[in-house]
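Below, the features straight out of Swiss-Prot:
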BINDING   258, 360, 361, 362, 363  ATP binding site
């Protein structure tokens, strides 16, 4: 029986939480899209990777409820709605509506929001979300091309996109221990709150969250809460996650569609030591030019003889991204680049490329779909510093 069933709103977020579950003792499988077959054997956690972060609300809720239905059929004990540690959901976003839909389907009157991931500098204090030492709305996330985050106070963000009141369980309460946290959660629920944002400044706070929420039918958050919950579930039988999911040998390629500040720094470094080619957005905008352009890029990748995998990137700085969006339109440009990466990945796979390193949630989603990958056994984390 699955102990934790995760419904993740994008591919990289799904992989991220799966790695935390494995790291903390739960054998885990990640599946792309709503499963239709039987449950994989010998696992304690299953992560369903959807592509619902930025799609229409109706589509996001329908897919999430379909994932929930499948997990319920497998006898899953706890449902975990996973979103980004930077929240990535405005007043018109999907986190609130999906959470409400899951709550209604599970007939639960109360749940929590815990996006904190201290190991990556995402902390929550008095309900305010910080990225490193900056408030969310003062970080690079304020320039996000799809979900610009201009408010840092999570209860206000939650209430703007959902159907109830949202309180806060402060770091001061967490310092008093798990019993104090349980009492505060009970108090908020008794006073008519539908949600609670959980402060977290340290991994110890996440461990307390996991202990306090061990029996909750539904939790929501980033990857951090999974640390505490996995340690609680793993204590039952001492299961150690198997070291599966090792990379294949063979030719590789790096595809980068993320425009985050961290990815910009990573791309700037990598292109100094490996072959790199920047995507020309203008050539992605029509079907005729896009197909020829994907073929051209595939030929370029296959022609490289460097020991390091060649890089094809659409990663752009804040100013460059703004110029692209102004010239072509944000939605049109984003979809065109995604289609390019999808076609490019398929062409490269057909030519024998077996290793794909992909940066960006949307990019990862379209690449895995184009490769026809249905699921993964999640192995050990190879580079904690690369988590997003």
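Yeah, the Cβs are placed from backbone N, Cα and C, and that goes for glycine too.
Provide an account of the burial state, proximal residues and distances for the features listed.
For residue 361 (ATP binding site), the Cβ neighbour count at a 10 Å cut-off comes to 26, with all displayed protein chains included.
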If you pair up every Cα among 258, 360, 361, 362, 363, the residues annotated as binding ATP, what's the maximum separation in angstrom, rounded to an integer?
8
May I have the list of same-chain residues other than 258, 360, 361, 362, 363 whose Cβ is within 8 Å of the Cβ centroid of the recorded ATP site, in sequence order?
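The answer, listed by sequence position, is 10, 12, 257, 358, 359, 364, 365.
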Taking the Cβ of residue 362 (ATP binding site) as the centre, count every other Cβ atom within 10 Å, in any protein chain shown.
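22, counting other Cβ atoms within 10 Å of residue 362 (ATP binding site).
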